[in-house]
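Taking it in order: structure first as structure tokens, then the write-up.
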Amino acid sequence: MDSLLMEPLPRSASPELAPVPALFGTKMPAFFQHTLGKAITGVGVGLHTGARIQLTLVPAPAHHGIVFQRTDLPDAAALPARYNNIIDTRLSTVLGEATNPTNRIATIEHLMAALQGCGIDNALVQVDGPEIPVFDGSAADFVFLIDCAGRQTQDAPRQYLEVLRPVRVEQNGAYAELRPAPVKNLHLSFDIDFPECVIGKQAYALEVTPTTFRQELARNRTFTLRQEIEALHKAGLARGGSLDNAIVVDGNQILNPAGLRCPDEFIRHKMMDAVGDLYLAGNPIRARFYGHCSGHGLNNQLLRSLFANPAAWRLVPPKVATSRPAA
């Protein structure tokens, strides 16, 4: 097992977003499932607890899926990374056990996005605290860990979740939607609208592949508004937050000395969050996703609505051509 003490990545003042380099290439056979080549450990700070957190990614057999385990709670049940095991979405995506409120793991979305973006189907995620380390606030360090562990092709076909009927959820003017489409990968179209002029209106569209995830999404950091920080601190939250792991917006200013990694880092981070949230379907999704000002809550509601209708989806192997959108 390898162990890496993760330090914040150097912040770049360049307007161009540098892609996360691929240590072992990004082309993987889409037909087969993949796990990690070996176990690997990283150590970082929890965004909300401020505590030192150890994270270990462990290879898992075919059809295992992504499963989380609290190592500091010996009797705690393992937590499959599925939409119906999400117990809170107010500040992050929180995985938990309904009958044991202590057994919960917060801020899983960046790691889930990295696992999806790197094509990892099966892994055991061991963590010795109530949240995943925030690292630099993006998915880049998780991608680095996965690259250091390597990827192992497994002797089992990969299954994709194909959306057959449109599904949409709305709340307070925001919405999230999945539409059928004859595509091989998840396609995202997203827009946001913030009153803070430094964020403002932003829109972005992307087909998610291992290459585009690294180049377009992985290095975009989480962000918060300065006026919200005091309330978070009073609630005992964001104890590990800093300018090294989050963008802080104050009106029309970015408080981070090096500024943004790219001009539209905000919308790209929201899209990266959506990749992680949607991987809680348990399989890579083949569909078009449309999001307007949506977040973790709507993303999770969208999956719950999708799975509530058995006629709206099916699992298919890669060789099965996707269907045309339903009329």
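In case you wondered, yes, glycine gets a Cβ from its N, Cα and C as well.
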Among His64, His110, His187, TrEMBL assigns to the Zn(2+) site of His269, Asp273 just His110
Of the binding-site residues His110, His269, Asp273, within 10 Å of His296 (active site, proton donor) (CA to CA), in sequence order, we find Asp273
Those same-chain residues, other than His110, His269, Asp273, found with Cβ within 8 Å of the centroid of the Zn(2+)-site Cβ atoms are Glu109, Ala113, Ser138, Ala139, Asn220, Arg221, Thr222, Lys270, Met272, Gly276
So Asp273 (Zn(2+) binding site), by the Cβ count within 10 Å over all chains shown, scores 26
With neighbours defined as other CB atoms within 10 A, the best-packed of the recorded positions His110, His269, His296 is His110
